[in-house]
Each structure stands twice: as structure tokens, then as C-alpha cells.
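The block underneath contains the structure these notes are about, expressed in C-alpha cells.
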Amino acid sequence: MTEMLSFAFMQRALLSALLVGIAAPAVGIYLVQRRQAIMGDGIGHVALTGVALGFLLSTNPVWMAVLVSSIGAVVMELIRWYGKARGDLALAMLFYGGMAGGVMIINLAPNGSNANLTTYLFGSVTTVAASDIVAIVCLSVFVLAVSLGLRRQLFAICQDEEFARVTGLPVRLLNLLLAVTAAVTVTVAMRVVGLLLVSALMVIPVAAAQQATRGFAATLGLSVGFGVLVTLSGTVTSYYADVPPGASIVVLAIALFALVTALAAPLARRRGKAVARGEEGGTLVADGEERRQEGAAERPTRV
Amino acid sequence: MRKAQAPAGAQDSEPAIAGAPAPGAGAETDAQTAPAVSLRRAYATLGGRPVLRGVDLTVGPGETVALLGANGSGKSTTVKAVLGQVPLTGGELELFGTPLARFRQWRRLGYVPQRSTAAAGVPATVREVVSAGRLARRRFRPLSAADKAAVRRALELVGMADRAKDPVDALSGGQHQRVLIARALASDPELLIMDEPLAGVDVVSQEVLARTLREQVAQGSSVLLVLHELGPLAPLIDRAVVLRDGRVERVDNPDQLHDLACHPHGSVPQREGAAKIETGLSMGEPTPGARV
């Protein structure tokens, strides 16, 4: 373990894995809440065009990907507002346009080939450079400031958008901010898990957490914990087993989901029975059976 | 539905009211205080189809107004227009005396949407949902102890305080409706707007709803309700506005309206109808119209 930590490339890898493990579920939870879990995947496709543009213009692919995927996310949000009919088709065109644009542009770039894209498509956390780290840290701070600092407002919008508008919140602005934040998260995570797998890290920790939780705040906390757990353990696994980190992180996340689901099912059953029985457990003393029946029949609420 | 359409045929006996719907809606405006809602000659379209065709609606301070009408008559659209969620293509809207374009005091409104059965993708507790209502006052500031107390008070008002930590998905329809009402009450609104609050709600929750409304009205709040039938709320309604095809068909006092809602064909024995209004809130014996 200490040997692993003595390598600078592993220090950078673990730091970026940690940041992505926190940021991806913290943003993903809002997309899951709004049933837009697949949006991260779409942004990932669009980000590919940004990466390729970075190569073509000889600038940093990460910043270019931030720019292009943010534009893509804003366009998706606008389609959601205005394009009521066949919005899914418009989104599909955006997704595949982004993918095709990336492949086309990278081949126009000097010395460019699809091989350059592979590290971005599947992630390559062990090749994160010192200059990348600065970008990753800055972008992660932005993502966490939005997703945690505005959690009440974003929760209200994703829970009931119409009601949020009536409370006077600037719903459109917050929706655009959330879209841009999701785009930034995708670009931060692309070096760790890759653009094709980034959505998994935004969605699976949330899906796993909500098997065991009853509220939003608890789900947010637990999913961030799960995110950190799988990104760090996945990165370490790839160091020892020599497998791509992105793939091992996603496989670990799915295994964690299966484990939590298996453990949570009996828990939920017991809890359900307790709720059905009412909470008069404390007052059930001598003639408990009788009172329980009475309570079930006459008292739908615990007044 | 059948009932709500019926007043068209049953109104012959009151030509004076039915003949002048537009000015009638604003007749009770208090000269000193601006009405909570003042909608004048409102026109609106949904998907190119005209839905509101000159609706007048006034809710005075402390007044409880029910909007009635068949499905598609424009009740919900009227409410959404009042909330600024459906743009008017013609007419004017003032909230608390301020034109909608300049209105910013959204915390004075409490909105209870029609209960949707579609659950969000992530679990949320009762308290988390009700706390969202407090954002109307807090906006981007963190919630204070006073905000948390207001949320608790709202939950107590609807008798759901002991379920604060339960996930909303685990609630029955009536309990869910009460949570949505608590969310609206959390911002201490002066105008409560409810869209079909009785739909799919059990008797106990109907009683809680009626009691909560009575308390709000006693504190001086104004209320605008979309209803299919008056049911246990009949004694609370000051005025009922019946919509038909996007127009105000008639403005009634609740006594006649109760009869119309419960007995659309005018076959009700008058004495019985009147008695039901008075006793409409007795526990366990709701009015016959409540869930017909």
C-alpha cells in the first residue's frame, strides 16, 4: 500500500478518484430524482466533440470538453423546455451528433486518430498529469458548491418543478446551472471512468443508496459515501490487478448495488411490518393483541 | 362530470345571476384592501386550443371561492393562470393589487397542486417535502430555527407531525394530500390555492382538510379551490364560480350550489339539502355528495 502511494501518478489518480467519487453522485442524485438518469450519458457523447476540438486546436482537451459539453447540456435543457413533441428524437440526434463530431474532428487533427479518444472514452486515471489535477480540483469545487450548497433549492425543483416556480425560485436559472454542473461533472469524471462509463458513476451509487434510505438527505450522504468507496477501491484494484480503472470502478459499483439490495430487502420488510402495526409498540402491554387489532381498524393515523 | 355539466340545464330559475357573470365575480371586492386575486377577461390557450375565453374571477380578502365545472371547462387552467404558470393571451391579472408582471411576493401564496401519483426517482421524507414550501420565504438563505418551527407547525395542522420522518411514497392518497397542504401552509400564506384537494382522499383526510381550511379562513386567509363537488367543504365556501367551456357560466351562493352539485337534476327535497349543509362536517357521516 505504501509502495503504491509513493508513486506520484498514483497520488494524482487517487486524488482525482476521490473528487469524482464525491462529485458524480452529488450531481447524479438530481438527475435520478427527475428521472433523467440517462442525461449524463448524453453529455458524455457531446463532450467527445470537445475533446477532439481540444486536439485539433492544440488546447487542453479538458477545458474544451467543459465548454462543448456545457453548451450541449444547455441545449438539452432548452429542448426539455420548448421541444415538447419528440424531444427524445432531438436528444438522440444531439447524442450521436456529438459522438460523430468527435470522431470526425479527431481525424482532422494533425497526428490525430481514434486512439487519442480511447483514453477519454474508457478513462485512464493513472495517466492524469499534474496540469490536469489543477483543472480537476477547480471543477470539483464548483460542482460541490452547486450540488451541496443549493441542495434544498435543487431538491425542490427536481421534486415538483411547478410548485418550485410558484414559490418564486428562479427555476429556469437553476435548471441551467444544474445542466452546466452535470456537464462539468462529466468532464471531470472522464479521465477517471471515461465518457462511456461516466453516467454509471452518477447513477449507480444513488440507486444503491436509495435501497437503504428513506429520505433525500440520507440518500445524498450515502451515495457520496458509496461513490468514494467504489472509485478508490476501483483505482486500487486496477493498480494491483492491471485492469482498466474505469471498468473496475463500474463493476464494483454494480456489485455494491447488488449487495445493498440484498441486505436492504429484509430490512425494508421488517420496517414495513412495523409501520403497518402502528407505533403503539410501547403501549402494548398486557392485552396487546386486542389493542393492536383495534388500532389497525380505527386509527389510520397516529393522532 | 355529469353533475358539473348539469347546471346549464338547471339554471332557468336564476336568470339574473347567470345573465351577468362577469361583473358578478368582482362584486364583493373590498374597497380598502386589494383582492387577493383579480382576474379580468382572461384569455389563454393550451397547444393552440383556446381554453379560457374571458374568465373573470375575484377572490376578496378572507374570502373562500370554489371553482366548479366539468372536465375541460378550464378550472385548472384558470388556477394555473392565477399562479402565473399559464400565460394570458388577453385580459389582466392582479395578485394582491399588483399586476402579475411586477408581482414578486410569492410567499403570500400557498399552492396545493393536484396530487400526482408519479413518484420522484429518489425517496424524500415528509419533512423534506414540507420544508420545500418554506423556500418561498428563505430563497437562498439557509433554513433557520424559525423555519423549522414553521414546518413542524404546518405538519401539526394537518395531523402529520408524527410521520415527519417517513418517506412520502409510503403514505396513502389522503395523507399525501395533507403533506402537500402542509407544504403550502409552511410559508404562512395569505392566499391558499388548491387544485382538486378532495380527489382520491379518504374521509379522515377530508375532515382534516375542512378543519385546516376553517382555521386558515379564521385567521383571515383567502382561499381559491378547484372542486368537482363541494362535499364536506360546502359550509366553508363563500362563493362558487361555475366554468363551462372557458367562460364563467354562473356565480352562485353556496346554498344553491350545494344542491346543484349534489342533485344536478333539481330533484332534491329542499329541506334535506339545507340540513346537509349544516351538518356536513359531522365525523363519520359526510354529506352524500362527498364521494358520489
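Each residue, glycine too, has its Cβ placed from N, Cα and C.
Long-range contacts of the transmembrane segment (A:12-31) within its own chain (CB-CB distance under 8 A, at least 6 residues past either end) are made by residues 5, 37, 39-40, 125-126, 128-130, 132-133, 136-137, 140, 143-144, 146-148, 154-155, 158, 178, 181-182, 185, 188-189, 191-193, 198-199, 201-203, 205-206, 209, 216, 219-220, 223-224, 226-232, 234-236, 239, 245, 249. What TrEMBL records for A:12-31 (among others) is transmembrane segment.
Within its own chain, the transmembrane segment (A:89-109) is flanked in space by residues 41-42, 45-53, 55-56, 68, 72, 75-76, 79, 83, 116-117, which lie at least six positions past its ends and keep a Cβ under 8 Å from the stretch. What TrEMBL records for A:89-109 (among others) is transmembrane segment.
Proximity of distant same-chain residues to the transmembrane segment (A:121-148), defined by a Cβ-Cβ separation under 8 Å and at least 6 residues beyond the stretch ends, is recorded for 9-10, 12-13, 15-17, 19-20, 22-23, 26-27, 29-30, 48, 60, 62-63, 66, 154, 177-178, 181, 184-185, 187-188, 190-197, 235, 238-239, 244-247. Per TrEMBL, transmembrane segment is recorded for A:121-148 (among others).
Annotated transmembrane segment per TrEMBL: A:169-186 (among others), in sequence order. Within the same chain, residues 23-24, 27-28, 30-31, 39-40, 43-44, 47, 65-66, 69-70, 72-74, 76-77, 81, 139, 142-143, 146-147, 150, 153-154, 156-157, 161, 195, 198, 202 sit at least 6 positions outside the transmembrane segment (A:169-186) and bring their C-beta atoms closer than 8 Å to a C-beta of that stretch.
Marked as transmembrane segment by TrEMBL: A:192-209 (among others). Within its own chain, the transmembrane segment (A:192-209) has Cβ neighbours under 8 Å at 16-17, 20-21, 24-25, 27-29, 31-32, 37-41, 44-45, 47-48, 51, 119-125, 182, 185-186, 218-219, 222-227, 230-231, 235, 245-247, 249-250, 253-254, 256-257, 260-261, counting only residues six or more beyond its boundaries.
Marked as transmembrane segment by TrEMBL: A:216-241 (among others).
Beyond its flanks by at least six residues, the transmembrane segment (A:247-268) meets 17, 122, 192-193, 197, 200-201, 204-205, 207-209, 211-212, 226, 229-231, 233-235, 237-238, 241 of its own chain at Cβ-Cβ distances under 8 Å. Per TrEMBL, the feature transmembrane segment maps to A:247-268 (among others).
Per TrEMBL, the feature region 'Disordered' maps to A:284-303.
Look at TrEMBL and you will find A:288-303 tagged as compositional bias 'Basic and acidic residues'.
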**Prompt:** List, by number or range, the same-chain residues at least 6 past the transmembrane segment (A:216-241) whose CB is under 8 A from its CB atoms?
**Reply:** 4, 10, 13-14, 17-18, 20-22, 24-26, 28-29, 33, 125-126, 151, 155, 192-193, 201, 205-206, 208-210, 248-253, 256, 260
